[in-house]
Amino acid sequence: MPSATSFAQHTSDHYGNYEKDRQTKSQDVLYTTSNGVPMPHPYEAQRMGENGPLLLQDFHLIDLISHFDRERIPERVVHAKGSGAHGEFVCTDPLDDLCSADIFSAKGKKCPLTIRFSTVGGESGSHDLARDPRGFSVKMRTDEGNWDIVANNTPVFFLRDPAKFPHFIHTQKRDPQTHLSHSDDSTAFWDYLSQNPESIHQLMILMGDRGIPDGYRFMHGYLGHTIKLINKNNDWVYCQLHMKSMQGIKFITQEDSANYSPDYSQKDLFEAIEKGDYPRWSVEVQTMTPKEAEELWEKQKINVFDLTHVWPQKQFPRRKVGEMILNENVRNYFAEVEQAAFNPSHMPPGIEPSADPVFQSRLFSYPDTHRHRIGANYQQLPVNAPRTGYMPGNFQRDGQMAFFNQGARPSYLSSIEPIRFRERTIDLDKAHSHFTGNAVSFLSEIRPEDFNAPRTLWEKVFDDGARERFVNNVAGKMAVCPNKEILKRQIAIFREVSDELAKRLEKATGIEGYEGIATMQFNGTHNGMAKDQKLRNANGMKSKVGVSVSVNNGAPRRGTHKGLEEKDTDGTNGTNGTNGAH
């Protein structure tokens with residue numbers, strides 16, 4: 001009978017052997033069944049006689065086949081095709097004046113990280129060089145818990161109304177009848193975009209040179225959403241996060257993309273790291289005060305809560321915080337990439353969400369889908385587990401695959417065996433203001449300011465070659481859409497960006513588009529540019545109840561952050577008032 005000490009030592013070794021398993025070579029292991037029983041050969045099967053049926057008692061075969069039948073977990077609905085690697089973040093320029101997050105507190109502060117890159121719309125076996133946005137997700141394992149940065153390689157996205165997301169993604173998938181993707185039939189692709197013109201900025205980027213980056217090493221990453229940074233005094237600023245490729249950016253043309261392997265980006269990333277050519281990114285922030293956010297809307301009609309808008313970098317210059325490096329390939333793709341789960345609601349103290357509605361929706365959606373795809377205890381998986389200087393504990397117990405189930409500790413707030421706590425350092429009342437108002441069924445509307453950034457992209461960012469490639473890319477995509485009415489509408493949206501662009505598309509496609517969107521009605525957005533008020537409401541909505549077209553289109557207008565810098569007489573910063581009414 002082993003002693004209690006030896007038993008404890010044995011179980012400790014058993015439960016803490018993930019890294020040992022990760023590094024073990026084939027010649028170091030003995031072939032066994034799943035319950036550890038040695039077997040002489042993996043191809044054996046018990047039969048009744050030399051040519052009879054199989055025996056149900058053969059656990060080795062049943063064990064083998066039944067696990068094989070369950071090898072696959074559901075692939076991600078979005079971002080199914082991806083690649084990943086490990087590395088570290090190092091703080092080069094402390095941000096402690098703006099943010100109390102420990103990882104930004106001192107020069108040289110480091111933390112391990114995992115990054116997963118991906119395409120958006122395709123299945124897990126799709127082509128790495130599809131014309132598609134790229135996911136750029138980072139799991140930073142800080143001393144105060146994980147920070148997951150769930151970003152893309154574009155600074156904007158196709159939508160700003162959260163309920164549109166499932167609908168948009170469905171248009172990127174296969175047709176329910178023909179089972180064709182939009183490479184062969186782009187009807188759904190263009191139908192959605194032509195009915196939701198706020199997507200034009202992202203569409204311009206997607207159909208331009210950045211639509212097919214040269215692998216994952218040569219592209220930038222952008223959070224896109226606005227978050228909040230909170231300092232030790234509980235003062236806060238809005239923030240946009242940029243991850244700039246220190247390799248520079250490169251692209252592959254539509255014509256050349258077919259000449260590359262379907263797994264080109266995976267191969268390029270893996271081989272670069274294997275030979276020591278470690279990719280790096282500079283982590284940088286744009287920040288603005290609440291007052292500046294209000295003025296940005298009032299004066300320039302740029303909405304910091306709008307995922308289709310960008311912050312002018314001349315007004316809000318980027319400030320470097322640190323660098324990320326990828327210097328370690330995964331040992332097992334499934335365990336360390338496929339099971340990696342990134343969740344934008346994972347934020348350490350000092351980083352908080354803004355009222356960006358799409359970001360708010362993602363705070364729920366991401367952990368919800370991980371619990372479905374991987375299980376309730378997905379954060380116990382080594383690739384997802386935090387690495388803090390303290391032993392995390394809570395009252396979340398049981399569920400599927402509860403490997404670390406918190407031992408014999410009480411599963412409630414016990415007075416007999418109390419759990420330890422740390423005082424809150426973030427003043428959430430101050431960080432998130434005080435929201436009062438009616439419940440509003442909100443849907444944004446398209447307005448002239450939505451075309452400003454796309455117009456700048458076409459006229460000032462694209463050079464002649466980029467403009468020519470853009471027209472060819474769009475025309476090629478339109479060529480596989482048999483519904484010309486959809487394309488006429490889409491060309492009208494392009495005309496709001498630039499009449500020259502619309503004319504070039506008309507010449508390339510042979511389709512004459514409409515003269516603009518002033519005479520159009522959309523099924524997906526209100527049209528603030530409609531000449532006839534009967535065309536203004538989305539999908540012909542006629543009831544005045546629930547249309548809720550607001551003057552500010554969801555932006556933080558003047559007075560939104562009222563009371564933020566003004567203390568009430570009792571010092572509560574307006575906790576009983578109506579400050580921050582939205």
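The count begins at 1 with the first shown residue.
Note that Cβ sites are derived from N, Cα and C of the backbone, with glycine treated the same way.
Non-local contacts of His79 (active site) by the CB criterion (under 8 A, 6+ apart in sequence, same chain) comprise Ser118, Thr119, Val120, Gly135, Ser137. TrEMBL lists His79 (among others) with the feature active site.
What TrEMBL lists as active site is Asn152 (among others).
If you look up TrEMBL, you'll see Tyr366 marked as heme binding site. In sequence order, Val150, Ala341, Phe342, Asn343, Pro344, Ser345 make up the list of same-chain residues 6 or more apart from Tyr366 (heme binding site) whose Cβ falls under 8 Å from its Cβ.
Here TrEMBL flags 1-10 as compositional bias 'Polar residues'.
What TrEMBL lists as compositional bias 'Basic and acidic residues' is 11-25.
Among the features that TrEMBL reports, compositional bias 'Low complexity' is placed at 544-554 (among others).
Per TrEMBL, the feature compositional bias 'Low complexity' maps to 571-582 (among others).
Look at TrEMBL and you will find 32-420 tagged as domain 'Catalase core'.
Marked as region 'Disordered' by TrEMBL: 1-25 (among others).
Look at TrEMBL and you will find 544-582 (among others) tagged as region 'Disordered'.
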For this session: For the domain 'Catalase core' (32-420), would you mind checking the mean pLDDT of the predicted model?
Result: 94
